[in-house]
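Taken from Swiss-Prot, the feature signal peptide applies to 1-31. Among the features that Swiss-Prot reports, substrate binding site is placed at 75-77, 82-83, 207-212, Trp236, Ser238, Gln256, Asp263, Lys300, 306-308, His319, Gln325, Lys404, 409-411, 421-427, Trp431. The feature Ca(2+) 1 binding site is assigned by Swiss-Prot to Asn122, Asp168, Ala171, Asp178, Gly213. According to Swiss-Prot, the feature Ca(2+) 2 binding site maps to Glu139, Thr142, Asp144, Asp148. Here Swiss-Prot flags Asp158, Asp172, Phe173, Ala176, Asp178 as Ca(2+) 3 binding site, drawing on similarity to another entry. Positions annotated as active site, nucleophile by Swiss-Prot: Asp209. Annotation source Swiss-Prot lists active site, proton donor at Glu234. Positions annotated as N-linked glycosylation site by Swiss-Prot, on the basis of a curator's inference: Asn271. Among the features that Swiss-Prot reports, site 'Transition state stabilizer' is placed at Asp320.
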Amino acid sequence: MQVLNTMVNKHFLSLSVLIVLLGLSSNLTAGQVLFQGFNWESWKENGGWYNFLMGKVDDIAAAGITHVWLPPPSHSVGEQGYMPGRLYDLDASKYGNEAQLKSLIEAFHGKGVQVIADIVINHRTAEHKDGRGIYCLFEGGTPDSRLDWGPHMICRDDPYGDGTGNPDTGADFAAAPDIDHLNKRVQRELIGWLDWLKMDIGFDAWRLDFAKGYSADMAKIYIDATEPSFAVAEIWTSMANGGDGKPNYDQNAHRQELVNWVDRVGGANSNATAFDFTTKGILNVAVEGELWRLRGEDGKAPGMIGWWPAKATTFVDNHDTGSTQHLWPFPSDKVMQGYAYILTHPGNPCIFYDHFFDWGLKEEIERLVSIRNRQGIHPASELRIMEADSDLYLAEIDGKVITKIGPRYDVEHLIPEGFQVVAHGDGYAIWEKI
């Protein structure tokens, strides 16, 4: 990411905020460190989540975070925001109102932190029934007709809403009507809404929810038109498992899907990345006595970071896999081993709110982020895997940092001269070159 270009594009920022951003440029050149600023239950917070998170801005910024990911901002049938209806209506969000959201974004900007909006545009819930009694009439949340759609904006092969639009370009979302992204009016009005979120509300970047629900070609249209400073797509597909229920050693097909998506959206010329679900799935199992999984057949990392690290956004858990949903949780007693991996390795690491604030891991995570920033580890850093056995994973990053994961202690003979331990915890240790 080029910080100066980002700041030029953000012409709505005040001069004082630009000065703060310039002061943090040394951190930003090391690459993004993302922070998911909510969980599945955040909407329940008394007084509103936006107001609550305002009290965490200083801690998040001080930790070296460059981007904070906020929940879907619009009116939604589902409290968490993932069943959106009136897209322009930010006052109906369970997280707070539009004014509170703008104040929160301004507070993050004042600390040099960019803000990612959770963009849910694969599907949408209707506001009214038509004359046949079918819910297929949508309201945009403005006095005019923007985003006021009918059944012709719904994919005709979708089971909801009796749609008459084009066929779906991606996977079906079972809980709500899938939007016809081939429709030019849909494209035009969604781009207008995204531009409004960026220019009027203050968002800098996008997280694309359920991005497998529409083609990468459609995602490219929205990203190219709105020019976010950063974008990350959720493309969560099933891994290939063996008879024991564990992931197969070879997950090339799984990570190829992620690489293909990024390539179609624009590749190296785009700010788009994808969540590295391949690394997530392998790491989940590897820390349970199978650390050999962390070296692929080619000697490189087995996830997306082994093929295209600059375009991989790594994570340990999120509001779906962890939190109260617990759909694919990381082993709870080994979470810091997961962070030791993603925060010292190539890729764009994302820290989960729960682990940082609720699990008592704040200081340990901060220490790892500090090492990453101090040593200039970036999304495309060079990774050399030194050992990968059942009880030991040892890797050198950029010739400056060595990461050890696993219970084995007798590793000093494997550490080159000129390195010293700078962080350690249950099942992990980090060395820096002196």
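Yeah, the Cβs are placed from backbone N, Cα and C, and that goes for glycine too.
The candidate set comprises the recorded positions Asp178, Asp209. Of these, Asp178 has the most other Cβ atoms within 10 Å.
Classification of Asp158 (Ca(2+) 3 binding site) by DSSP places it in coil, neither helical nor stranded. The two recorded residues, Asp168 (Ca(2+) 1 binding site) and Asp158 (Ca(2+) 3 binding site), show a Cα separation of 7 Å. Val421 (substrate binding site) sits 47 Å from Ala171 (Ca(2+) 1 binding site), taking the C-alpha atoms as the reference points.
Within 10 Å of Arg207 (substrate binding site), counting CA to CA, the recorded positions Thr142, Asp148, Asp172, Glu234, Asp320 contribute Glu234.
Considering only the binding-site residues His75, Lys212, Lys300, the Cβ with the fewest other Cβ atoms within 10 Å is that of Lys300. Using Phe173 (Ca(2+) 3 binding site) as the reference Cα, a 10 A cut-off selects Asn122, Gly213 from the recorded positions Asn122, Asp209, Gly213. Ranked by Cα separation from Gln325 (substrate binding site), the binding-site residues Asp144, Ala176, Asp178 are led by Ala176. According to DSSP, Gly213 (Ca(2+) 1 binding site) sits within a helical segment.
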